[in-house]
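**Q** Starting off with a structure, shown below.
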Amino acid sequence: MDHFLYRDGQLYAEDVPVAEIAAAVGTPFYVYSTATLTRHFQLFDDALDGTDHLVCFAMKSLSNQAVIKVLADAGAGMDVVSGGEYYRAKAAGVSGDKIVFSGVGKTVDEMRMALEGGIRQFNVESEPEMVVLDRVAQSLGVVAPITVRVNPDVDAKTHAKIATGKSENKFGIPISRAREVYAMAAKMPGLKVIGIDVHIGSQLTDLAPFEAAYLKVAELTEQLRSDGHEITRLDLGGGLGIPYARSNEAPPLPSDYGALIKRTVGHLGCEIEIEPGRLISGNAGLLVSKVIYIKEGEDRQFMIIDGAMNDLIRPAMYDAYHDIDPIIESVPGAEPAKYDIVGPICESGDTFAKARVMTEVKADDLIAFRSAGAYGAVMASEYNSRPLIPEVLVNGDQFAVIRARPTYEEMIGRDTLPTWL
Ligand code: LLP
């Protein structure tokens with residue numbers, strides 16, 4: 001459920017007409033709903049009710065400072081994967097003991113930053129990383145709390161580019177070698193092993209792969225305990241999928257997911273962490289764009305809009321589907337039209353949808369891409385020298401620009417000329 005609904009024939013973001021925001025900030029832009037963000041966080045928090053737990057928002061899905069603050073105020077921890085994300089979390093007021101650091105390529109500088117600023121735990125992904133973290137922690141005279149991310153060799157049954165739990169993926173250490181790696185970690189004075197981490201992929205629409213992975217983690221917990229390790233925390237990753245097409249998708253609910261967690265690992269008495277991104281931020285955001293032209297092709301109609309693949313890369317990159325709706329609700333009985341919806345960028349991959357049947361629109365009409373809150377703005381670029389588009393946050397009947405559209409001057413302002421030019 002989200003808070004982008006039609007009212008009196010036009011699309012609203014909570015209590016604000018989307019058209020009003022478009023008039024104020026220009027198009028294209030992203031708009032996020034505070035109520036949807038907090039509702040989705042709350043669903044996870046409630047799903048784990050009764051267990052000691054922390055829901056750490058995967059900031060990679062949407063990392064605007066205002067969004068982080070909304071979720072942190074609601075009680076979320078943060079899952080970060082770079083020094084930049086760590087910096088963002090701290091700047092939004094998140095305390096270090098609520099930040100977990102994931103990722104296969106943490107650098108010495110990033111480790112140092114997190115150890116100095118405070119960290120809940122590092123999710124370590126390899127032996128070489130362990131060696132480096134041990135050294136960095138010792139050089140600072142501190143002990144780094146760690147989990148080891150295990151790769152359970154489970155097929156997440158999602159798009160290949162976002163599956164992470166198979167042995168061919170770069171993530172984690174093979175679960176078959178886990179006992180050996182934990183034995184090695186236990187001997188390192190700069191590290192304190194506190195638990196196990198697993199994340200098998202993103203946009204999972206079936207609970208079975210989670211179940212397979214969590215059962216393996218439960219078994220490993222018992223083995224590691226019998227080897228003498230204190231396993232007190234399980235980080236179970238993120239990945240629960242969302243419906244991108246309202247017509248035919250019904251992914252499991254956070255409550256089902258919570259019940260699965262309790263069923264598979266609840267008896268171990270560990271503190272549970274999860275790292276959902278998309279399910280919290282995805283349906284909390286729209287990308288709003290304006291139709292520039294309707295162009296007749298040989299055998300099709302192109303809807304050319306002012307948003308492009310640089311603003312939302314998911315369709316080009318993963319063949320992702322997003323529902324696309326007009327801002328003015330279609331009148332019942334109106335004839336639908338069929339469009340290839342494309343952006344202005346000079347490559348054919350700049351296509352959002354092919355043969356999409358929707359209400360007829362004309363130049364200057366506004367359209368909205370649904371479920372664009374996650375992996376939308378954060379994956380944007382300035383390709384074709386199109387400035388990053390603004391982000392807007394709505395809360396009830398108020399809205400605010402939370403990242404302004406850079407001017408052309410600002411866009412080129414980071415380039416510098418060498419002295420010889
Ligand atoms: N934890 C770890 C270690 C992750 O790698 C990820 C996502 C998450 C949590 C959050 O997963 P989520 O709950 O959002 O599914 N750009 C792609 C998605 C990449 C996901 C990468 N890792 C997309 O647009 O579909």
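Placement of Cβ uses the backbone N, Cα and C atoms for every residue, glycine included.
Unlike curated records, TrEMBL annotations are generated automatically.
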**Q** What does TrEMBL list, out of Gly239, Gly307, Gly343, Gly413, as binding the same pyridoxal 5'-phosphate as Glu275, Pro276, Gly277, Arg278, Tyr375?
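**A** Among Gly239, Gly307, Gly343, Gly413, only Gly239 appears alongside Glu275, Pro276, Gly277, Arg278, Tyr375 as pyridoxal 5'-phosphate-binding in TrEMBL.
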**Q** Using Cβ-Cβ distances, find the residues under 8 Å from Glu275 (pyridoxal 5'-phosphate binding site) that belong to the same chain and are at least 6 apart in sequence, listing them in sequence order.
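**A** The list for Glu275 (pyridoxal 5'-phosphate binding site) reads Cys56, Phe57, Ala58, Asp79, Val100, Ser102, His199, Asp235, Leu236, Gly237, Gly238, given in order along the sequence.
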**Q** Run through Gly239, Tyr318, Cys346, Glu347, Tyr375 for me and report the recorded positions whose CA is within 10 Å of the CA of Lys60 (N6-(pyridoxal phosphate)lysine), in sequence order.
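**A** For Lys60 (N6-(pyridoxal phosphate)lysine), the recorded positions whose Cα atoms are within 10 Å come to Tyr375.
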**Q** Between Tyr318 (substrate binding site) and Tyr375 (pyridoxal 5'-phosphate binding site), find the distance joining the two CA atoms and give it rounded to the nearest Å.
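**A** About 11 Å separate the Cα atoms of these two residues.
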**Q** Between Glu347 (substrate binding site) and Pro276 (pyridoxal 5'-phosphate binding site), how many Å separate their Cα atoms?
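**A** So the Cα of Pro276 (pyridoxal 5'-phosphate binding site) lies 33 Å away from that of Glu347 (substrate binding site).
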